[in-house]
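The compositional bias 'Acidic residues' annotation in TrEMBL covers 561-587. Feature annotation from TrEMBL assigns domain 'Transglutaminase-like' to 473-548. According to TrEMBL, the feature region 'Disordered' maps to 561-603. Under the heading transmembrane segment, TrEMBL lists 7-27, 39-55, 67-85, 115-136, 143-160, 166-184, 204-221, 619-636.
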Amino acid sequence: MKTEFGWSDVATLILYVLSFFLLWEWLRPVEQITETANVHFFVIFAGLSLLLYYFEVNWIISGAIKTIFIVVVLQSLYFEAPLIGEGEWLGDFTSSIGESVVMTVQQNWGGVSDLFRSLLFFILLWLTAYLMNYWLAIRKQMFLFYLFTVIYITILDTFSPYDGSIAIVRVILFGFLLLGLLGLQRMADQERISLSMNQVQRWLLPLALLIAFSSAAAYAAPKAEPVWPDPVPFITSFGEGAGSGSGGVNRLGYGEDDSELGGSFIGDETKVFEATVEGDQYWRIETKDTYTGKGWEQSREADSLTPFAVNEAVPLTLADIDEESETQTVSIDVDLTYDHLVYPYAPDQVINADADELRFNPVNEKITSFDGGEVTELGEYEWEFREPRYSLQALRNTTGLGQGDASMEQYLQLPENLPERIRELTLEITEGEDNWYDKAKAVEGYFSRSGFIYEQEDVPVPEGDVDYVDQFLFETQRGYCDNYSTSMVVMLRSIDIPARWVKGYTGGEVIENLGDGRSIYEVTNNNAHSWVEVFFPEIGWVPFEPTVSFSNNISLNYDLDLDSETDTPETPEEAETPEPEVPEPLEENAGAAGSVDDEGSSGPGGFEAFRNFVAENRMMLFLISVIAVAAGVILYRRRNRWMPYVLIRYYRSQNGSEVYPKAYASLLKQLKRYGLRRKETQTLSSYAREVDNFFGTHEMSKLTDQYERILYRSEDPKDKWSNMRELWEDLIKKTTG
């Protein structure tokens, strides 16, 4: 056991303390990512073990101390009987361990007791402390443990709820100090010297300052965006919580279960597909018709799927499209494959797909790909479609269903216990409107006019008998696309306007303009979206976008009756003048549930944007300013070293009668910077001899002689510069030393 201490022992103590901090980083996440409690006992045991190794306590005494600690802790955690007394707990203790050993041998992991698990964890820490002592005292190598610690933190930060952003900084600081001090000890052992206080301080202080400064600079410096996409969303998107409907904290993306809406969402940048198309599109997947008060379900299953082939008309007509609508094509390049296809509005046919046939579900309008009679996932396909253009006159002429529209009953369905105040609110919003279109537009614009907020975090799930729409309209007034779209559908149905809920993706973000009118759009899981379709008997299904800060940009044909003698003609602007929607600033990335329309939303002004940028990057800008000022000061103080090369490069490209006098004047300034100052009363010839004596040359005298010929005899300087340039360059280079 240690009885005398020197500065080498102080350095060793620091090593053991730093090692303990690294080991502690392994224990910090345990309580958060597992059901382990009372982690502080394990932390104390780890510190005790390393302390005993540092003092070189006899292994028998050290083992006894650690064993007693383990027994006392386990007894206090798992037994109510006193430690010293009748001793009944000891029998239960040993029997529990014996039974758990048998369960372990039989690989019955569920039968292993918590007491035995804790004992094994203590033993694991015991072995880890032994290895750390071996690496510190014998090998004096800790890089492997440090590397594993970094990997451990990064893996937990990536794949678990544990936030390792601060932990990784601590690991870097402790690890670099540890490795630096171990390097000092290895050198001391190799040279067989004893470290003095001065030697330890001279090594430790610069090391600590270097690590602290570099860590602070790295933390404050701007970070480049990731080059590789995050693999975690790709992996987790196949698990639970992708898309809507689980009611907890979900990850954005398409999901089939929408029976329980609500709950918070986590953004997901996983790319789903790229679309090469002329303009921004909404991409449909499916619809649902039955609102339960909590979410959406399908009223019935399809009796059969309608098959159709590639290059064959799609058995789907959403609306009567204007005959003037041009036919377009879109190429879909899929990254995150599904067995369904995404399609634009008014699809005509699939013109390219690696599938035997496609099947259309007439109930939910989902299109699935098949190959060899089996469902297949397509990597790429192309659509031919026409851009929808709806007649405003036909829309505004709609005031009710026709006699042949009895099939719309399922699109008027509402729960029996739907709160009446939803209908009352809708009637209030649509008061004064005499047609379905204007009523739908009034409801669509209600949310942006009434201060509703787009929010993905802390979105509640309705409990008990609370209605999902009622809670959103009258209590929370914040949420994401599911809240807005479901509310609009329910509100319209409450006043007998058939509507349905649609799922798919917004248009995504442009990543490349091809120059032929087409662009490549990247659509990610963040673009997963839901919106509303309203049925108009003379047209069909028309999309509406109630979610604040989103716009579907449908095209209208302003074909109002301009020939009427009694009615005042309406201009397109007068025909539809809904109140302007002011997009709410999104708390998080607005694209997390869809792409915000770039043309429809206005960002902050230039000065305001600059102020926001400065406020958000104050530390980074301060650091850049300090570095820039320091670099400027260094460059200015050392300008005599680099300025000659700048002057040489400049005058080499010059040619003319004024070059030689300017070059000579620049040489005089450089000599002054170098320290060879010319006295006020000193002639150029005298100064030239002084310079030549200093450098041991005759170059300055020759240059001065030619300069005086130009100055006093008015000789042509053009030829003189070409003859004297090499002398001038040789002399000015000497001032860089």
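In case you wondered, yes, glycine gets a Cβ from its N, Cα and C as well.
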Are the transmembrane segment (619-636) and the transmembrane segment (115-136) near each other by the rule of at least 3 C-beta pairs under 8 angstroms (pairs 6 or more apart)?
no
Can you find at least 3 Cβ pairs under 8 Å between the transmembrane segment (7-27) and the transmembrane segment (166-184), where each pair is 6 or more residues apart in sequence?
yes
Same-chain Cβ contacts of the transmembrane segment (204-221) under 8 Å, 6 or more residues past its ends?
11, 14, 169, 172-173, 176-177, 180-181, 619-620, 622-623
Average model confidence [pLDDT] within the domain 'Transglutaminase-like' (473-548)
91
